[in-house]
Amino acid sequence: MLDVNFFDELRIGLATAEDIRQWSYGEVKKPETINYRTLKPEKDGLFCEKIFGPTRDWECYCGKYKRVRFKGIICERCGVEVTRAKVRRERMGHIELAAPVTHIWYFKGVPSRLGYLLDLAPKDLEKIIYFAAYVITTVDEEMRHNELSTLEAEMMVERKSVEDQRDADLEARAQKLEADLAALEAEGAKADARRKFRDGGEREMRQLRERAQRELDRLEDIWSTFTKLAPKQLIVDENLYRELVDRYGEYFTGAMGAESIQKLMQDFDIEAEAESLREVIRNGKGQKKLRALKRLKVVAAFQQSGNSPMGMVLDAVPVIPPELRPMVQLDGGRFATSDLNDLYRRVINRNNRLKRLIDLGAPDIIVNNEKRMLQESVDALFDNGRRGRPVTGPGNRPLKSLSDLLKGKQGRFRQNLLGKRVDYSGRSVIVVGPQLKLHQCGLPKLMALELFKPFVMKRLVDLNHAQNIKSAKRMVERQRPQVWDVLEEVIAEHPVLLNRAPTLHRLGIQAFEPMLVEGKAIQLHPLVCEAFNADFDGDQMAVHLPLSAEAQAEARILMLSSNNILSPASGRPLAMPRLDMVTGLYYLTTAVDGDTGAYRPAAEDRPESGVYSSPAEAIMAADRGVLSVRAKIKVQLTQVRPPADIEARWFGANGWRPGDPWIADTTLGRVMFNELLPLGYPFVNKQMHKKVQAAIINDLAERYPMIVVAQTVDKLKDAGFYWATRSGVTVSMADVLVPPRKKEILDHYEERADKVEKQFQRGALNHDERNEALVEIWKEATDEVGQALRDHYPVDNPIITIVDSGATGNFTQTRALAGMKGLVTNPKGEFIPRPVKSSFREGLTVLEYFINTHGARKGLADTALRTADSGYLTRRLVDVSQDVIVREHDCQTERGIVVELAVRVPDGSLIRELYIETSAYARTLGANAVDEAGNVIVARGEDLGDPEIDALLAAGITQVKVRSVLTCTTGTGVCATCYGRSMATGKLVDIGEAVGIVAAQSIGEPGTQLTMRTFHQGGVGEDITGGLPRVQELFEARVPRGKAPIADVTGRVRLEDGERFYKITIVPDDGGEEVVYDKLSKRQRLRVFKHADGSERVLSDGDYVEVGQQLMEGSADPHEVLRVQGPREVQIHLVREVQEVYRAQGVSIHDKHIEVIVRQMLRRVTIIDSGSTEFLPGSLIDRAEFESENRRVVAESGEPAAGRPVLMGITKASLATDSWLSAASFQETTRVLTDAAINCRSDKLNGLKENVIIGKLIPAGTGINRYRNIQVQPTEEARASAYTIPSYEDQYYSPDFGQATGAAVPLDDYGYSDYR
């Protein structure tokens, strides 16, 4: 077999019959499969050993040669080669067809490639191939021209003779009639008898005339058909064709079926055809030109690729290896077989029957029928169901053809090539492991033993516990005591990977150091649950084992959970305390007035109390029970940095140094909390709400190395659990208190609601007004009950503690529990005007229960739909962006995009831009940021972190130019400087990082949180799409629902207000032609926008508009934006619109991820004029290829091509990728492969999918070419100390994670800069 590492591209083409015979190891002549008695393959059948190889290793069919020593011998009795049985997976056979057949992909595909090549309509082609019409293949024009006059004379003679014959017959009949009439008259017959007789005679004469006329017409038809006869002409009338052959057989040839197509192909001159088509394109117009363009695509493909079009008509059919279409015996003695065997058997049966009929010299009509059936059976084999009714097996199930084996989720590509199963893996239920450190996981002993079995066995032999591998295996299987010690030794510092499905982003797989645990459940660290989206209600996780030293190093450095604290989507920490831990820290840092031992100033009768000289003294007091953790006290601190304002007050300009004492007004709990933070971090004297905790961890991640952050969050977790236990926060029915004022509040609002009802019954309000009024009233009522609830609850109520600390839940839920549920929506998303007045504590009435479940069920159904839709969106995003990899350090471009940092308000102060987090943060500066005095605040090429942004704002800079992937000039992929900081590591992105996939995951992962439904904006008006459908609409570049027109030019508006429509005319400033927009529906409403004087009002007559400005409410069409304002604007428009949807749901994704996808949507250029290049007008070309080809042509002083940028939706862009492997594994597999084969496409294997499919290392991360040849070699010391067990003490964090002398890889943040 091929070694995948020795080729860099994969080409696909058309196989001719010659190729098929060369691949083949023999011809399959019989439809037999295996002998049902001996169960051995039949000779010359579909499983024949002579053709495909032996069924048993090193053993021929008849048994004459058995053993490996006869390797390579071909048995003279049975003709089987003695070799391995696995050759039955790779050896092909073939079937020699008695008549050629066309390949259904090229005939039936849309467009029909055969039809375009031969310039035949698909309908006509079908008639020819399936023997419903004859086609003329050649005409001897010269001979016909030379002998035309002779033939015409002959034809005239024949006509004359027909006419003469007719005249003579009529003459004779007329005379006979006269004579008979005379005789009748003589006999004295009556007049009506005579009349009848005459009518009969005239009828016969009429028939004679008609018969002669038909004969003359037929001759005329034959003659005119013959004189106009041309190649590719169809003749449907069988008799006409027979006559033509009889009379003029030497002047032309014709045939039906695939043979005729083959004949036409042989005479087809590709070069001449391409030239004539180019001529038509140059001079033609309209339909003719379009048709020529489409045909030229196919013709040029054959011309350039050197493919022979004969490959579309087959003389032989390949038979795939038998192991790929196996036949297995079931328990009952029956056989289960692959559908392909049935399809092959039909082909062979029909082929053999056809051979026999031809040998017997059967009549044409029978032979043709058999040929048609052969064609249909080959069609069914290649693509069952593409034409006519599919061939069905037992139970009316359509058989799976070769195409079906490739297609869809269960096809070869997605099931077996992109979704392989792996060994060294296991799965089990997860339980929480609060005692673990962040980089550890608990692995069940039995599972670990099975996973590490080979390692344990080798180590047992090394330590002489076992003599050989076999006995070591036996020891492991019997679980002898020594085995556990060895296992403990083997797993030390050998990381494992944990994965939870669905893996929506890269943090769904992380590496951990395993710790052996009893039981059968995997223990998971509580802080990584957020990243895995795991909970402990029965979730399962899979464990994988990295084997090689390189894999272990990558797992440890790149994937260890303590190195993956930040979210790749937003760059903010994901591993932070949640739920109980938040509650615990919140409890710990709460200050309670007048608690035990609180500070009391001195009075006459007592000295000052509640003052402590050190935290230790305060802790002793707490241990004695005279001080509460939450009491306000004064304490002297020496080892903690004071907050900035206190530092300035106590220590002035010199600042605080470790050891300097200062006194804090705080609580013991807060002092204990601050001891968890790293040295030098300013004292935090606040109550720890979840948001405050998040801000602290975020700050730590910006300022300290990852290892410190990991240690800190671990300490916070331990403290959180410890104090949550001691806080006594539990929930019971007694904690749910119904506010006593609830009844009187509701009575008051009931009265108001009754008034509205009466007005409605009197007719003073219509239905909609009544509903709106009731909704308003009940919203107010709900708010007031909520407020009463707030006032009624004590501060230390556990439910309030849980909600206020940010641990979980919100006030709405508390209100539903204890106050009232309030208004609920119906499935359309409208409020039902009757509220649910009861709370869950009191219980709901039947009606309330019903309307409440209504909404809840809608929610569940929505979630299920959303998950599927969001998954599909992620798949399309990954596909379109999978080859965006960081390819170089800097593309040296001068271009960039301008981002706003702040808005200057009239009084001169700056207001920080709301979305600075996702736009400017973590970017590389594209130009020096200079203040008004000309000082450079931040230099070009610097990374914009939080401190830099603060400095820019302090200097009064409102906008900066930053580098962006939208303006990156790297050919394939992007450069590190344009991409900027990697959100997951907080450093400049490494070369080789697969930023495309990270972008797709960052956008797709929160997809399930987006809403499904389209919401109404302002009651009436068109539906404005929102949520997931809107994101899809944008990424697929569809024309939006409720499309709003945009101004094509800058100028003044003339607004005409009609009855149902507006008409807007823009008079351009430059005096050009006026632009008119009419039939603008009034339901859509005019756009509100800011005017020069700062006021906001609706667009009105005489307003001034800028180019690209939206004129109506709704969404602009991105294709219009591209046409009017160009590619840069449409990119920014798409990024902004996508962000709007995510921000509405409170999801933070950095702009750069969306930019990566948008860049891929605008990669192509459509050719308008091909100049001197090879491009065809109207074709889509990659921008990089377009520019390089133009440079080449200009250098050779030719005419460059002209192109226009195109916006493609992500599905279309994925299918238009250069890699046919990637496109085929995405969607429309047969269409992609058909096209690729005709064009003889070559896949350069640049993306990730292609490499996964053929089993190479992906060209990303450490698999990138520049790192390919780095070898890892352990040093002697490392070898010597490979197995020393680290002691798992409590303080497991040492500078390099573990106090062992073992070969631990230090977990500092590796800077890869020196490898550049």
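Don't overthink the numbers, they just go from 1 along the chain as shown.
Each residue, glycine too, has its Cβ placed from N, Cα and C.
Copied over from Swiss-Prot:
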| type | residues | note |
| --- | --- | --- |
| BINDING | CYS60, CYS62, CYS75, CYS78 | Zn(2+) 1 binding site |
| BINDING | ASP535, ASP537, ASP539 | Mg(2+) binding site |
| BINDING | CYS891, CYS968, CYS975, CYS978 | Zn(2+) 2 binding site |
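Features as recorded by Swiss-Prot, highlighted on the structure.
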{"residue": "CYS60", "record": "Zn(2+) 1 binding site", "Cβ within 10 Å": "24"}
{"residue": "CYS62", "record": "Zn(2+) 1 binding site", "Cβ within 10 Å": "13"}
{"residue": "CYS75", "record": "Zn(2+) 1 binding site", "Cβ within 10 Å": "20"}
{"residue": "CYS78", "record": "Zn(2+) 1 binding site", "Cβ within 10 Å": "16"}
{"residue": "ASP535", "record": "Mg(2+) binding site", "Cβ within 10 Å": "11"}
{"residue": "ASP537", "record": "Mg(2+) binding site", "Cβ within 10 Å": "5"}
{"residue": "ASP539", "record": "Mg(2+) binding site", "Cβ within 10 Å": "17"}
{"residue": "CYS891", "record": "Zn(2+) 2 binding site", "Cβ within 10 Å": "19"}
{"residue": "CYS968", "record": "Zn(2+) 2 binding site", "Cβ within 10 Å": "26"}
{"residue": "CYS975", "record": "Zn(2+) 2 binding site", "Cβ within 10 Å": "22"}
Request  = Check the Cα-Cα distances from CYS62 (Zn(2+) 1 binding site) to the binding-site residues ASP535, CYS891, CYS968 and tell me which is shortest.
outcome  = ASP535
Task = Check CYS891 (Zn(2+) 2 binding site) against DSSP and tell me helix, strand or coil, would you?
result = coil
Query = Where the distance is taken from Cα to Cα, which of the binding-site residues ASP535, ASP537, ASP539, CYS968 turns out closest to CYS78 (Zn(2+) 1 binding site)?
reply = ASP539
Inquiry  = Can you give me the residues near the recorded Zn(2+) 1 site, meaning same chain, not CYS60, CYS62, CYS75, CYS78 themselves, Cβ no more than 8 Å from the center of the site's Cβ atoms?
reply    = TYR61, GLY63, LYS64, TYR65, GLU76, ARG77, GLY79, VAL80
Request  = Could you name the residues, excluding ASP535, ASP537, ASP539, of the same chain that surround the Mg(2+) site, i.e. Cβ within 8 Å of the Cβ centre of those residues, in sequence order?
outcome  = ILE430, ALA534, PHE536, GLY538
Request  = Work through the binding-site residues one by one (CYS60, CYS75, ASP535, ASP537, ASP539) and name whichever has its CA nearest to the CA of CYS978 (Zn(2+) 2 binding site).
outcome  = ASP535
Inquiry  = Given the binding-site residues ASP535, ASP537, ASP539, CYS968, find the one whose Cα is closest in space to the Cα of CYS60 (Zn(2+) 1 binding site).
reply    = ASP539
Request  = Taking the recorded Zn(2+) 2 site as CYS891, CYS968, CYS975, CYS978, identify the other residues of that chain whose CB atom sits within 8 Å of the mean position of the site's CB atoms, giving them in sequence order.
outcome  = GLU888, ASP890, THR893, ARG963, VAL965, THR967, THR969, THR970, VAL974, ALA976, THR977, TYR979
Request  = Given the binding-site residues CYS75, CYS891, CYS968, CYS975, state which is nearest to ASP535 (Mg(2+) binding site) when distance is taken between Cα atoms.
outcome  = CYS975
